[in-house]
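Below: one structure, written as structure tokens.
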Amino acid sequence: MSSRGAVFRGGLFLFLQQLLSRGLTFAAGQVLLRFLTAQKLGLATQLEVYYLSILFFARESLRVAAQRQPIAPGPSLGSSSGATPEAETRSKDTSQSHSQHISQDPSQGDSKSSKAEQPRSAQEFKMCRSPSQTAINLGYIAVPLGAVVALVFGAMFRRVSTAADFVPLALNIYGIASLIELAAEPFFALLAARQQFGARARAESAAAIARCIGTLGAAYWASRAQIEIGVLPFAAGQLAYGIILWCVYVLHVWPLARDEGFSLLPRGGLQPPLDRGEQEQTYVVAGLFYKPAITLAASLQAQGIVKHFLTQGDTLIVSVLASPVAQGVYALANNYGGLVARLVFQPVEEMSRNYFGRLLAIGSVASVPSKDGGTEKDIARSNIKENDGKAVADRKDTVSKAAHDLAILLKIYLLFSTIVVAIGPVAAPPAIEILAGTRWAADGAGDVLARYCYYIPLLALNGLTEAFVSSVATEKEVHSQSLWMTMFSAVFGAAGYFFLEVADMQASGLVFANIVNMACRIVWSCAFISRYFLKEGVRFDLLALRPGIVASVACVGAPHVIRITAQMLLGNGVTNPLMRLAAMGVAAVPVVLAIGLSELSFLQQLYKSYQR
């Protein structure tokens, strides 16, 4: 199966998993809204930030580093026989004429001589005797990291949180749940390295079901027993999620470990890559980890501190500057508006990071200095230049393919964003009345969600562009990004203060502060992408992706046209939110058709590409 096909299938698996997971979470949230006040929802959101912070600092940099390691794929992307990497290694020992995953001259008869003659880029993909053990070992680093982060963040949260609504107990449960989920990270790393996305989708879907059952079960029991348990239902649901996730992952990887002979616990004795020369003894750290991955993860971790503040800083700022009611209103709008991002964009971003990282794999682990002072990426590129013209042409073809695929993804995102901006702001208020009730609408949640619709396109574009940056950036470029992120965090804080304190816009002001922050990050990422392709000698025109005149006009004028048309269809005095939303849906059909017709040539090209 081609790399692009595997990524498409993986993205489909994750999309379906997200559809089930978020659908269940959405349904559970709709029920819980009947039991919750805005203040409780605000507290639950703060606890979720604590939980997500533990997971982010413990595993995010490790996941990126693991995806950029040249680890041999598993059966899903392996040979037609479906052999595993370890099984193929044993087969090669007995039959040296066996075809390999990595392209190799079939005329070479002696395995030792063939290894010596392989270019370094090919050797990197044959790093170790057990690629599976490499992934397992790397994943276990997340557990002690998570324990430290949980203790530090837990102490900080207790100093500023209230003791009401069982917050201290819920905080402890969230911490335990995060460590259980991190204990499954080695198994996630193994399945991700093999690109076995179906197993991951099944595990996360089962865990999502358990979370819904745990949350609703606790809330229903408390309601029947007439006991006030505050935010404990959310904590119970998260604990159930972690337990089921770990159990399902173990059920998937246990047979693999038994059949292939690797351990589900950390095991030493990893072998360095071939032909490492003087670096051979220092390339492996403690016999467990590869130094490039560890160094890159450490570099990304430093950047992650700033990035996480930018990602979750909205909740931190609103908890300091906004009232409890405003916190709950923003949390509700963020949950509904962010549902689109989590359902559609997150799987695409993860697959893009994996796809581009492996497609442009030469020099991707660029953090280990060579003995002459260069980096791994410098060595890999110099080796390409020293090869014949075909190698240079192949490299350029690969980068051109990446540029083409990235352009298609960005264009799809822009078209989708056009529809969201054209329809979302006018449809948000009646949608909130239907989904959350008139009480939440009276608190201004509909207006906040309407403004959030302008933030969704920026959220999508930033996720995709930063996914590409993380796939190809060198260590030096990651440090540069960290400095810019620090500047953007200051801009975000200043914007938040202005909109929340000076302009007194409460939850809506936080949406505008996020828009300012996200726009800064997108500009930086786009500039990086342009420079990257320019250095590779490939043309990448970002301006060519901009929407046409029809789509641009739709973004500005469509909300007013839809609102006026809906009023004409219903007449004056109709207040039923369902009827208003239905009328807006009818009025939006011509807008969507106009946008589609204006981009018909691109859609036809996309369809032909999909057929191929």
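Any Cβ shown, glycine's included, is placed from N, Cα and C.
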* To do: Select from 43-62, 283-302, 543-562 the stretch of residues annotated by TrEMBL as transmembrane segment.
  => 543-562
* Criterion met for the transmembrane segment (512-534) and the transmembrane segment (543-562) (at least three Cβ pairs under 8 Å) -> no
* Restricting to the same chain and to residues at least six past its boundaries, which positions have a Cβ under 8 Å from a Cβ of the transmembrane segment (582-603)? -> 411, 415, 418-419, 422-423, 426-427, 430, 547-551, 554, 558, 561-563, 565-566, 569-570
* Structure fact -> The answer for the transmembrane segment (235-257), taking Cβ pairs under 8 Å and residues 6+ beyond its ends, is 28, 47, 51, 84, 132, 169-170, 173-174, 176-181, 183-184, 187-188, 190-191, 199, 202-204, 206-218, 263-264
* Structure fact -> Sequence-distant residues near the transmembrane segment (205-223) by C-beta distance (under 8 Å, 6 or more away from its ends) are 17, 20-21, 24-25, 27-28, 31-32, 35, 229, 232-234, 236-245, 248
* Same-chain residues near the transmembrane segment (481-500), Cβ under 8 Å, at least 6 residues beyond its ends -> 302-303, 306-307, 309-310, 313-314, 317-318, 321-322, 469, 473, 506, 508-510, 512-514, 516-517, 520-521, 524, 528
